[in-house]
Amino acid sequence: MAKIYRDEDINIDYVKNKKIAILGYGSQGRAWALNLRDSGLNVVVGLERKGESWKKAEEDGFKPLFTKDAVRDADIIVFLVPDMVQKNLWINSVKPYMKRGADMVFAHGFNIHYKLIDPPHDSDVYMIAPKAPGPIVRRMFESGYGVPALVAVYQNVSGSAFEKALAIAKALGCARAGVIETTFKEETETDLFGEQVILVGGVMELIKASFETLVKNGYQPEVAYFEVLNELKLIVDLIYEGGLVHMLKAVSDTAKYGGITVGKTIIDDHVKMNMVKALERIRNGEFAREWLKEYENGMPTVHKELEELRNSLIEKVGNEIRKMIFKKA
Ligand SMILES: NC(=O)c1ccc[n+]([C@@H]2O[C@H](COP(=O)([O-])OP(=O)(O)OC[C@H]3O[C@@H](n4cnc5c(N)ncnc54)[C@H](O)[C@@H]3O)[C@@H](O)[C@H]2O)c1
Ligand SMILES: CC(C)(O)[C@@H](O)C(=O)O
Ligand SMILES: [Mg+2]
Ligand SMILES: [Mg+2]
(Lines of atoms letter the chains of each structure in order from A and count residues from 1; the text may use other names and numbers.)
(Lines give C-alpha, C1' and ligand atoms only; values in the text may rest on other atoms or scores of the structure.)
(Ligands and ions follow the chains in the order given, each with its own letter.)
Protein backbone atom coordinates (compact mmCIF):
# COMPACT_ATOMS: atom_id res chain seq x y z
CA MET A 1 0.00 0.00 0.00
CA ALA A 2 1.20 3.53 -0.78
CA LYS A 3 2.62 5.49 2.16
CA ILE A 4 0.10 8.10 3.27
CA TYR A 5 1.61 11.20 4.92
CA ARG A 6 -0.43 12.95 7.62
CA ASP A 7 0.11 16.19 9.56
CA GLU A 8 2.26 14.50 12.22
CA ASP A 9 4.74 13.20 9.58
CA ILE A 10 5.42 16.66 8.12
CA ASN A 11 7.57 19.62 9.17
CA ILE A 12 6.16 22.90 7.87
CA ASP A 13 9.42 24.74 8.72
CA TYR A 14 10.81 23.77 5.30
CA VAL A 15 8.72 26.59 3.79
CA LYS A 16 8.14 28.73 6.87
CA ASN A 17 10.22 31.83 6.08
CA LYS A 18 10.10 31.54 2.32
CA LYS A 19 8.36 34.07 0.10
CA ILE A 20 5.70 32.20 -1.88
CA ALA A 21 4.34 33.81 -5.07
CA ILE A 22 0.93 32.45 -6.02
CA LEU A 23 0.41 33.19 -9.73
CA GLY A 24 -3.32 33.34 -10.51
CA TYR A 25 -6.27 33.92 -8.22
CA GLY A 26 -8.90 31.60 -9.64
CA SER A 27 -10.20 28.21 -8.50
CA GLN A 28 -6.95 26.85 -6.97
CA GLY A 29 -5.08 30.18 -6.66
CA ARG A 30 -7.55 31.68 -4.19
CA ALA A 31 -7.72 28.50 -2.10
CA TRP A 32 -3.92 28.17 -1.98
CA ALA A 33 -3.30 31.83 -1.15
CA LEU A 34 -5.86 31.85 1.68
CA ASN A 35 -4.96 28.45 3.15
CA LEU A 36 -1.20 29.10 3.05
CA ARG A 37 -1.67 32.54 4.63
CA ASP A 38 -3.91 31.07 7.34
CA SER A 39 -1.16 28.50 8.00
CA GLY A 40 1.26 31.33 8.75
CA LEU A 41 3.17 31.36 5.46
CA ASN A 42 4.42 34.42 3.58
CA VAL A 43 2.21 34.70 0.47
CA VAL A 44 2.17 37.24 -2.34
CA VAL A 45 -0.38 37.08 -5.18
CA GLY A 46 0.97 37.72 -8.69
CA LEU A 47 -1.35 38.66 -11.57
CA GLU A 48 -1.00 39.89 -15.14
CA ARG A 49 -3.61 42.64 -15.00
CA LYS A 50 -5.89 44.61 -12.71
CA GLY A 51 -9.08 42.67 -13.50
CA GLU A 52 -11.58 40.56 -11.58
CA SER A 53 -8.91 38.39 -9.88
CA TRP A 54 -7.04 41.48 -8.71
CA LYS A 55 -10.24 42.85 -7.16
CA LYS A 56 -11.05 39.51 -5.51
CA ALA A 57 -7.55 39.20 -4.04
CA GLU A 58 -7.79 42.73 -2.64
CA GLU A 59 -11.19 41.92 -1.12
CA ASP A 60 -9.53 38.95 0.59
CA GLY A 61 -6.89 41.24 2.10
CA PHE A 62 -3.99 40.64 -0.30
CA LYS A 63 -1.98 43.35 -2.05
CA PRO A 64 -1.56 41.76 -5.48
CA LEU A 65 1.49 42.60 -7.60
CA PHE A 66 2.10 42.26 -11.32
CA THR A 67 3.62 38.83 -12.01
CA LYS A 68 7.10 40.12 -12.74
CA ASP A 69 7.20 42.03 -9.44
CA ALA A 70 5.74 39.11 -7.46
CA VAL A 71 8.37 36.65 -8.70
CA ARG A 72 11.38 38.99 -8.43
CA ASP A 73 12.35 38.03 -4.87
CA ALA A 74 10.10 34.96 -4.45
CA ASP A 75 11.68 31.74 -3.17
CA ILE A 76 8.75 29.61 -4.35
CA ILE A 77 6.72 30.32 -7.50
CA VAL A 78 3.39 28.50 -7.83
CA PHE A 79 1.72 28.28 -11.26
CA LEU A 80 -2.03 28.49 -10.67
CA VAL A 81 -3.21 29.95 -13.96
CA PRO A 82 -4.91 27.65 -16.52
CA ASP A 83 -2.68 24.90 -17.92
CA MET A 84 -2.81 26.37 -21.44
CA VAL A 85 -1.65 29.78 -20.15
CA GLN A 86 1.32 28.64 -18.05
CA LYS A 87 3.88 28.41 -20.88
CA ASN A 88 3.44 32.03 -22.04
CA LEU A 89 3.33 33.30 -18.47
CA TRP A 90 6.58 31.43 -17.80
CA ILE A 91 8.35 32.79 -20.89
CA ASN A 92 7.13 36.39 -20.71
CA SER A 93 6.58 37.21 -17.04
CA VAL A 94 8.43 34.70 -14.87
CA LYS A 95 11.68 33.47 -16.47
CA PRO A 96 13.20 36.92 -17.16
CA TYR A 97 12.45 38.24 -13.66
CA MET A 98 12.68 35.34 -11.19
CA LYS A 99 15.45 34.92 -8.65
CA ARG A 100 17.99 32.30 -9.72
CA GLY A 101 17.21 28.93 -8.18
CA ALA A 102 13.67 29.79 -7.05
CA ASP A 103 11.38 26.77 -6.78
CA MET A 104 8.83 26.09 -9.54
CA VAL A 105 5.65 24.54 -8.20
CA PHE A 106 2.60 23.13 -9.96
CA ALA A 107 -0.85 21.83 -8.98
CA HIS A 108 -1.00 19.56 -12.04
CA GLY A 109 1.80 18.01 -14.08
CA PHE A 110 0.59 18.92 -17.60
CA ASN A 111 3.18 21.55 -18.56
CA ILE A 112 6.16 19.59 -17.27
CA HIS A 113 5.02 16.13 -18.36
CA TYR A 114 4.15 17.22 -21.92
CA LYS A 115 7.33 19.39 -22.03
CA LEU A 116 5.60 22.73 -22.63
CA ILE A 117 7.77 24.31 -19.93
CA ASP A 118 11.49 23.59 -19.75
CA PRO A 119 12.44 24.60 -16.21
CA PRO A 120 15.90 25.94 -15.34
CA HIS A 121 18.31 23.26 -14.17
CA ASP A 122 19.10 25.06 -10.90
CA SER A 123 15.48 25.16 -9.63
CA ASP A 124 13.66 22.62 -7.53
CA VAL A 125 10.53 21.58 -9.47
CA TYR A 126 7.73 19.89 -7.60
CA MET A 127 3.98 19.50 -7.47
CA ILE A 128 1.20 19.45 -4.93
CA ALA A 129 -1.99 18.30 -6.69
CA PRO A 130 -5.09 18.61 -4.52
CA LYS A 131 -7.62 15.97 -5.50
CA ALA A 132 -10.53 18.41 -5.33
CA PRO A 133 -11.93 21.54 -6.99
CA GLY A 134 -10.38 24.76 -5.60
CA PRO A 135 -13.44 26.06 -3.70
CA ILE A 136 -13.65 22.73 -1.85
CA VAL A 137 -9.93 22.93 -0.96
CA ARG A 138 -10.78 26.19 0.81
CA ARG A 139 -14.13 25.11 2.28
CA MET A 140 -12.70 21.91 3.81
CA PHE A 141 -9.74 23.83 5.26
CA GLU A 142 -12.06 26.36 6.90
CA SER A 143 -14.15 23.62 8.46
CA GLY A 144 -11.06 21.99 10.01
CA TYR A 145 -10.73 19.18 7.46
CA GLY A 146 -8.75 18.83 4.27
CA VAL A 147 -8.81 17.22 0.85
CA PRO A 148 -6.24 14.58 -0.18
CA ALA A 149 -3.33 15.56 -2.41
CA LEU A 150 -0.59 13.96 -4.49
CA VAL A 151 2.97 15.29 -4.32
CA ALA A 152 5.77 14.69 -6.82
CA VAL A 153 9.29 15.91 -7.44
CA TYR A 154 10.65 16.50 -10.95
CA GLN A 155 13.93 18.22 -10.01
CA ASN A 156 15.58 18.12 -6.60
CA VAL A 157 18.53 20.51 -6.67
CA SER A 158 18.38 21.51 -3.00
CA GLY A 159 17.91 17.98 -1.71
CA SER A 160 14.75 19.01 0.14
CA ALA A 161 12.22 19.36 -2.69
CA PHE A 162 10.07 16.49 -1.38
CA GLU A 163 10.05 17.92 2.16
CA LYS A 164 8.98 21.32 0.78
CA ALA A 165 6.20 19.72 -1.26
CA LEU A 166 4.94 17.93 1.86
CA ALA A 167 5.18 21.16 3.89
CA ILE A 168 3.04 23.04 1.36
CA ALA A 169 0.55 20.15 1.26
CA LYS A 170 0.28 20.39 5.05
CA ALA A 171 -0.23 24.18 4.92
CA LEU A 172 -3.01 23.61 2.37
CA GLY A 173 -4.75 21.32 4.85
CA CYS A 174 -4.22 18.27 2.64
CA ALA A 175 -2.26 16.27 5.22
CA ARG A 176 -5.31 16.35 7.51
CA ALA A 177 -6.76 13.95 4.91
CA GLY A 178 -3.69 12.24 3.45
CA VAL A 179 -0.87 12.94 1.00
CA ILE A 180 0.61 10.34 -1.36
CA GLU A 181 3.84 10.51 -3.35
CA THR A 182 3.53 10.12 -7.11
CA THR A 183 5.37 11.15 -10.29
CA PHE A 184 4.51 13.96 -12.71
CA LYS A 185 3.64 11.25 -15.26
CA GLU A 186 1.30 9.32 -12.97
CA GLU A 187 -0.46 12.45 -11.69
CA THR A 188 -0.93 13.94 -15.16
CA GLU A 189 -2.25 10.77 -16.77
CA THR A 190 -4.55 9.72 -13.91
CA ASP A 191 -5.88 13.25 -13.39
CA LEU A 192 -6.76 13.65 -17.08
CA PHE A 193 -8.26 10.14 -17.15
CA GLY A 194 -10.38 10.85 -14.05
CA GLU A 195 -11.79 14.13 -15.28
CA GLN A 196 -12.51 12.86 -18.79
CA VAL A 197 -13.88 9.42 -18.01
CA ILE A 198 -15.81 9.90 -14.79
CA LEU A 199 -15.57 13.10 -12.71
CA VAL A 200 -16.46 15.61 -15.43
CA GLY A 201 -17.12 13.80 -18.71
CA GLY A 202 -18.52 10.43 -17.68
CA VAL A 203 -20.85 11.66 -14.95
CA MET A 204 -22.12 14.56 -17.04
CA GLU A 205 -22.93 12.36 -20.03
CA LEU A 206 -24.59 9.68 -17.83
CA ILE A 207 -26.78 12.38 -16.28
CA LYS A 208 -27.67 13.90 -19.66
CA ALA A 209 -28.36 10.55 -21.32
CA SER A 210 -30.53 9.21 -18.49
CA PHE A 211 -32.45 12.51 -18.22
CA GLU A 212 -33.07 12.59 -21.98
CA THR A 213 -34.19 8.94 -21.99
CA LEU A 214 -36.81 9.55 -19.29
CA VAL A 215 -38.10 12.80 -20.82
CA LYS A 216 -38.25 11.36 -24.38
CA ASN A 217 -40.33 8.52 -23.02
CA GLY A 218 -42.94 10.83 -21.58
CA TYR A 219 -41.88 11.36 -17.95
CA GLN A 220 -41.99 14.82 -16.33
CA PRO A 221 -38.65 16.69 -16.56
CA GLU A 222 -38.84 17.65 -12.87
CA VAL A 223 -39.27 14.00 -11.86
CA ALA A 224 -36.36 13.05 -14.12
CA TYR A 225 -34.20 15.82 -12.61
CA PHE A 226 -34.77 14.60 -9.05
CA GLU A 227 -34.13 11.00 -10.10
CA VAL A 228 -30.92 11.30 -12.11
CA LEU A 229 -29.23 14.47 -10.88
CA ASN A 230 -30.36 15.60 -7.43
CA GLU A 231 -30.29 12.13 -5.88
CA LEU A 232 -26.93 11.37 -7.46
CA LYS A 233 -25.24 13.64 -4.91
CA LEU A 234 -26.96 11.85 -2.05
CA ILE A 235 -25.92 8.42 -3.30
CA VAL A 236 -22.34 9.60 -3.97
CA ASP A 237 -22.22 11.05 -0.44
CA LEU A 238 -22.92 7.53 0.90
CA ILE A 239 -20.17 6.06 -1.28
CA TYR A 240 -17.78 8.84 -0.12
CA GLU A 241 -18.60 8.23 3.55
CA GLY A 242 -18.45 4.46 3.62
CA GLY A 243 -17.72 2.86 0.25
CA LEU A 244 -19.78 0.92 -2.28
CA VAL A 245 -21.05 -1.75 0.12
CA HIS A 246 -22.11 0.96 2.59
CA MET A 247 -24.14 2.63 -0.17
CA LEU A 248 -25.67 -0.71 -1.21
CA LYS A 249 -26.73 -1.31 2.41
CA ALA A 250 -28.64 1.99 2.42
CA VAL A 251 -30.67 1.33 -0.73
CA SER A 252 -33.49 -1.16 -1.08
CA ASP A 253 -32.90 -4.79 -2.06
CA THR A 254 -34.74 -3.99 -5.29
CA ALA A 255 -32.24 -1.21 -6.03
CA LYS A 256 -29.35 -3.50 -5.06
CA TYR A 257 -30.44 -6.25 -7.45
CA GLY A 258 -31.37 -3.84 -10.26
CA GLY A 259 -28.18 -1.84 -9.82
CA ILE A 260 -25.89 -4.86 -9.68
CA THR A 261 -27.39 -6.57 -12.74
CA VAL A 262 -28.41 -3.69 -15.03
CA GLY A 263 -25.45 -1.39 -14.21
CA LYS A 264 -23.12 -3.84 -15.95
CA THR A 265 -25.22 -3.77 -19.12
CA ILE A 266 -24.94 0.05 -19.24
CA ILE A 267 -21.22 0.27 -18.43
CA ASP A 268 -20.44 -2.73 -20.63
CA ASP A 269 -17.27 -3.98 -22.35
CA HIS A 270 -17.73 -1.43 -25.11
CA VAL A 271 -17.63 1.41 -22.56
CA LYS A 272 -14.56 -0.15 -20.93
CA MET A 273 -12.86 -0.29 -24.35
CA ASN A 274 -13.64 3.41 -24.78
CA MET A 275 -12.01 4.07 -21.40
CA VAL A 276 -8.85 2.29 -22.52
CA LYS A 277 -8.87 4.36 -25.74
CA ALA A 278 -9.20 7.57 -23.74
CA LEU A 279 -6.27 6.49 -21.55
CA GLU A 280 -4.19 5.65 -24.61
CA ARG A 281 -4.81 9.13 -26.12
CA ILE A 282 -3.65 10.67 -22.84
CA ARG A 283 -0.55 8.50 -22.64
CA ASN A 284 0.59 9.03 -26.23
CA GLY A 285 0.06 12.81 -26.07
CA GLU A 286 -2.77 12.89 -28.63
CA PHE A 287 -5.23 14.48 -26.20
CA ALA A 288 -2.67 17.14 -25.15
CA ARG A 289 -1.95 18.03 -28.81
CA GLU A 290 -5.69 18.25 -29.60
CA TRP A 291 -6.34 20.45 -26.54
CA LEU A 292 -3.45 22.78 -27.43
CA LYS A 293 -4.90 23.24 -30.93
CA GLU A 294 -8.42 23.84 -29.55
CA TYR A 295 -6.99 26.45 -27.15
CA GLU A 296 -4.97 28.18 -29.89
CA ASN A 297 -8.14 28.39 -32.04
CA GLY A 298 -10.06 30.18 -29.25
CA MET A 299 -11.74 27.08 -27.74
CA PRO A 300 -14.64 26.85 -30.26
CA THR A 301 -15.74 23.39 -29.06
CA VAL A 302 -15.81 24.44 -25.40
CA HIS A 303 -17.84 27.59 -26.14
CA LYS A 304 -20.31 25.78 -28.41
CA GLU A 305 -20.93 22.93 -25.95
CA LEU A 306 -21.35 25.31 -23.01
CA GLU A 307 -23.89 27.36 -24.97
CA GLU A 308 -25.84 24.20 -25.85
CA LEU A 309 -25.77 23.11 -22.19
CA ARG A 310 -26.96 26.53 -20.96
CA ASN A 311 -29.98 26.21 -23.24
CA SER A 312 -30.68 22.56 -22.43
CA LEU A 313 -33.84 21.40 -20.67
CA ILE A 314 -31.97 19.79 -17.78
CA GLU A 315 -30.22 23.09 -16.94
CA LYS A 316 -33.43 25.12 -17.25
CA VAL A 317 -35.42 22.70 -15.11
CA GLY A 318 -32.54 22.42 -12.62
CA ASN A 319 -32.20 26.20 -12.25
CA GLU A 320 -35.91 26.51 -11.38
CA ILE A 321 -35.92 23.53 -9.01
CA ARG A 322 -32.77 24.69 -7.19
CA LYS A 323 -34.29 28.15 -6.66
CA MET A 324 -37.16 26.41 -4.88
CA ILE A 325 -35.47 23.69 -2.90
CA PHE A 326 -32.40 25.62 -1.74
CA LYS A 327 -34.49 28.62 -0.62
CA LYS A 328 -34.34 28.90 3.17
CA ALA A 329 -37.73 28.20 4.76
N1 LIG B 1 -9.66 23.91 -10.89
C2 LIG B 1 -9.32 22.99 -10.01
O3 LIG B 1 -10.05 22.71 -9.07
C4 LIG B 1 -7.99 22.26 -10.08
C5 LIG B 1 -7.78 21.10 -9.32
C6 LIG B 1 -6.50 20.53 -9.29
C7 LIG B 1 -5.49 21.10 -10.06
N8 LIG B 1 -5.76 22.19 -10.84
C9 LIG B 1 -4.66 22.81 -11.59
O10 LIG B 1 -4.41 24.09 -11.02
C11 LIG B 1 -3.94 24.97 -12.04
C12 LIG B 1 -4.83 26.21 -12.08
O13 LIG B 1 -6.11 25.81 -12.52
P14 LIG B 1 -7.43 26.61 -12.09
O15 LIG B 1 -8.58 25.81 -12.60
O16 LIG B 1 -7.34 26.97 -10.66
O17 LIG B 1 -7.25 27.92 -12.96
P18 LIG B 1 -8.32 29.07 -13.19
O19 LIG B 1 -8.94 28.91 -14.55
O20 LIG B 1 -9.26 29.19 -12.06
O21 LIG B 1 -7.32 30.34 -13.22
C22 LIG B 1 -7.81 31.59 -13.24
C23 LIG B 1 -6.70 32.57 -12.90
O24 LIG B 1 -5.76 32.61 -13.98
C25 LIG B 1 -5.68 33.94 -14.47
N26 LIG B 1 -5.52 33.89 -15.91
C27 LIG B 1 -6.42 33.45 -16.82
N28 LIG B 1 -5.93 33.62 -18.07
C29 LIG B 1 -4.70 34.18 -17.93
C30 LIG B 1 -3.72 34.60 -18.86
N31 LIG B 1 -3.89 34.46 -20.19
N32 LIG B 1 -2.56 35.11 -18.35
C33 LIG B 1 -2.38 35.24 -17.02
N34 LIG B 1 -3.27 34.88 -16.10
C35 LIG B 1 -4.43 34.36 -16.56
C36 LIG B 1 -7.02 34.58 -14.09
O37 LIG B 1 -6.89 35.98 -14.01
C38 LIG B 1 -7.27 33.95 -12.73
O39 LIG B 1 -6.56 34.66 -11.74
C40 LIG B 1 -3.95 24.17 -13.31
O41 LIG B 1 -2.66 23.61 -13.48
C42 LIG B 1 -4.96 23.06 -13.05
O43 LIG B 1 -4.78 21.90 -13.81
C44 LIG B 1 -6.96 22.78 -10.87
C1 LIG C 1 -11.15 19.28 -10.10
C2 LIG C 1 -10.47 18.31 -11.07
C3 LIG C 1 -11.42 17.89 -12.17
O4 LIG C 1 -10.11 17.15 -10.34
C5 LIG C 1 -9.15 18.89 -11.61
O6 LIG C 1 -8.35 17.85 -12.08
C7 LIG C 1 -9.29 19.95 -12.69
O8 LIG C 1 -8.57 19.87 -13.69
O9 LIG C 1 -10.08 20.90 -12.50
MG1 LIG D 1 -7.32 18.20 -13.82
MG1 LIG E 1 -8.23 16.40 -10.74
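Quick reminder: no glycine exception, Cβ is built from N, Cα and C everywhere.
Within 10 Å of the C-beta of HIS108 (active site) we count 22 further C-beta atoms, all protein chains included. Summarising the annotation, TrEMBL assigns active site to HIS108.
Feature annotation from TrEMBL assigns NADP(+) binding site to TYR25, GLY26, SER27, GLN28, SER53, GLY134. Applying an 8 A CB threshold to same-chain residues 6+ apart, the list for GLN28 (NADP(+) binding site) reads LEU80, ALA107, PRO130, GLY134, VAL137.
Annotation comment: TrEMBL describes ASP191, GLU195 as Mg(2+) 1 binding site. Its Cβ placed at the centre, GLU195 (Mg(2+) 1 binding site) has 12 other Cβ atoms within 10 Å.
Sequence annotations record features per position, and here TrEMBL assigns Mg(2+) 2 binding site to ASP191, GLU227, GLU231. Neighbour list (GLU227 (Mg(2+) 2 binding site), Cβ cut-off 8 Å, at least 6 residues apart, same chain): SER210, LEU214.
Residues or ranges marked as substrate binding site in TrEMBL: SER252. SER252 (substrate binding site) falls within neither a helix nor a strand when secondary structure is assigned with DSSP, and so counts as coil.
Per-residue pLDDT, averaged over the domain 'KARI N-terminal Rossmann' (2-182), rounds to 98. Per TrEMBL, domain 'KARI N-terminal Rossmann' is recorded for 2-182.
The annotation domain 'KARI C-terminal knotted' is assigned in TrEMBL to 183-328.
Over all protein chains present, the Cβ of GLU231 (Mg(2+) 2 binding site) has 11 other Cβ atoms lying within 10 Å. Proximity of the binding-site residues (SER27, GLN28, ASP191, GLU195, GLU227, GLU231) to ligand 2: a Cβ under 6 Å from the molecule is found for ASP191, GLU195. Put simply, of the binding-site residues TYR25, ASP191, SER252, the one whose Cα is nearest the Cα of GLU231 (Mg(2+) 2 binding site) is SER252.
In the shown protein chains, 18 other C-beta atoms lie within 10 A of the C-beta of GLY134 (NADP(+) binding site). Counting every protein chain shown, 17 other Cβ atoms lie within 10 Å of the Cβ of SER27 (NADP(+) binding site). Checking the binding-site residues TYR25, SER53, GLY134, ASP191, GLU195 against ligand 3, the ones with a C-beta less than 6 Å from an atom of that molecule are ASP191, GLU195. Among the record's NADP(+) binders, TYR25, GLY26, SER27, GLN28, SER53, GLY134, no two C-alpha atoms are more than 14 Å apart, and one pair sits at exactly that spread.
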